[in-house]
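Engineer: Dropping a structure here in structure tokens format, bear with me for questions.
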Amino acid sequence: MAATDLERISNAEPEPRSLSLGGHVGFDSLPDQLVSKSVTQGFSFNILCVGETGIGKSTLMNTFFNTTFETEEASHHEECVRLRPQTYDLQESNVHLKLTIVDAVGFGDQINKDDSYRPIVDYIDTQFENYLQEELKIRRSLFDYHDTRIHVCLYFITPTGHSLKSLDLVTMKKLDSKVNIIPIIAKADTISKSELHKFKIKIMGELVSNGVQIYQFPTDDEAVAEINAVMNAHLPFAVVGSTEEVKVGNKLVRARQYPWGVVQVENENHCDFVKLREMLIRVNMEDLREQTHSRHYELYRRCKLEEMGFQDSDGDSQPFSLQETYEAKRKEFLSELQRKEEEMRQMFVNKVKETELELKEKERELHEKFEHLKRIHQEEKRKVEEKRRELEEETNAFNCRKAAMEALQSQALHATSQQPLRKDKDKKKVGGWSSIYSVTIP
């Protein structure tokens, strides 16, 4: 026998012994205690209605719970699909029910329907995430927490009588791992019984061939196994909704009045409304809640914890405690943090070096530019000095020539001023001799 088998046998817990009681103890009242506690606490049930605008989702919900929920009418011009949740407090006898109805407003109204399913998937994941965050709190209060996880998705199929639309197949395929899907044919009174029967067979065949997993009513409980097995054969349910009362015979019944006759909502020969209501509310409501928690939510929780690095065992199938997982994840985080810090430090050093090189290159370029400008300045200065010397030389030469000219002009002026004076003297001398001559000659 292998060592691992021996360890497994040695670590296995011993089988509990069965003992008989000598008298009445009282723990047989545990079911009554559980019922009393549940009734005091109340219940929550969340329904997601997916279908095209105007297909009768709100009317069917009003018919289901025999009341009128105040809802806004949706238009056919929504830019995108949006989820509209509304919560109501209902009471039947002494049982309180917090009912949330989530309507996928604008589904199927867009020209491009490729991502019509995405807001629905995101909404379901958001409710799972909110519940997971509440569970992971140190001080959590799940007793008072309003559970908004979707327990069932009623998928309304348009009664075309031919086959499912591509949008329906894609959407249900995206949702089947996240929510319990119950497909229903809306406004079933618009097609004949023979067409309806063929349509049901066609729908189930397409769902199976495309691998879409819809909710199957459980048959493992003997109390409801027989009726659930029969009802599974009626899927998808063909329903008619109406809040109007019509007099049939001596009774007022909920029905739809047509010129050719009356379609009674609660007449099983006319539609499957009663079957759907019985299966959804009276028989399998708790199973839908349990399936949501134990299957769909656990799948989401497991995937999220695995993304965070948590696991139950290592590669050798050795179990991990939460403390060990935390320590391993902490060491991994610290090593990753150190690696990131080293990368950041190295990036910073490299950036500093690159910046220094860039600054040195800029400094060299500026120095070269400065030297170039300096040489240009010196050359210009030398040229200016040469021009200044040439100008001074020309100025001196000009001044010399000017002085010489002034001297010549002065001499010429002086000579010119002396010559008239001499002429005057000569004239005076000639005039004197003439008078002498005039006196002496008789």
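Each residue's number is its place along the chain shown, starting with 1.
Each Cβ is built from the backbone N, Cα and C atoms, and glycine gets one as well.
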Engineer: Here are some residues: Ser10, Ser58, Ser194. Which is flagged as phosphoserine in Swiss-Prot?
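Structural biologist: Going through Ser10, Ser58, Ser194 one by one, Swiss-Prot annotates Ser10 as phosphoserine.
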Engineer: Swiss-Prot lists region 'G1 motif' for one of the ranges 51-58, 379-386, 387-394; which is that range?
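Structural biologist: In Swiss-Prot, the region 'G1 motif' feature sits at 51-58.
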Engineer: Between 1-21, 127-147, 295-315, I'd like to know which one Swiss-Prot lists as region 'Disordered'.
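Structural biologist: The listed stretch tagged region 'Disordered' in Swiss-Prot is 1-21.
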Engineer: Of 103-106, 199-202, 319-322, which range does Swiss-Prot call region 'G3 motif'?
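Structural biologist: It is 103-106 that Swiss-Prot annotates as region 'G3 motif'.
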Engineer: Need the matching range: Swiss-Prot marks region 'G4 motif' on one of 42-45, 166-169, 186-189, and I'd like to know which.
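Structural biologist: Range annotated as region 'G4 motif' by Swiss-Prot: 186-189.
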Engineer: By Cβ distance under 8 Å, which residues at least 6 away from the ends of the region 'G4 motif' (186-189) in the same chain are close to it?
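Structural biologist: Sequence-remote neighbours of the region 'G4 motif' (186-189) are 51, 55-57, 60, 156-159, 196, 238-241, 256, 258, 263, 270-272.
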Engineer: Using a Cβ-Cβ cut-off under 8 angstroms and a sequence gap of six or more, which residues of the chain neighbour Lys193 (GTP binding site)?
Structural biologist: none
Engineer: Counting across all protein chains shown, how many other Cβ atoms sit within 10 Å of the Cβ of Gly241 (GTP binding site)?
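Structural biologist: By my count, 22.
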Engineer: At a 10 Å cut-off from the C-beta of Lys57 (GTP binding site), count the other C-beta atoms across all protein chains.
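Structural biologist: The answer is 25.
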Engineer: With DSSP helix as H/G/I and strand as E/B, how many residues of the region 'G4 motif' (186-189) fall in helix, strand and coil?
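Structural biologist: Summed over the region 'G4 motif' (186-189), the classes give 2 helix, 0 strand, 2 coil.
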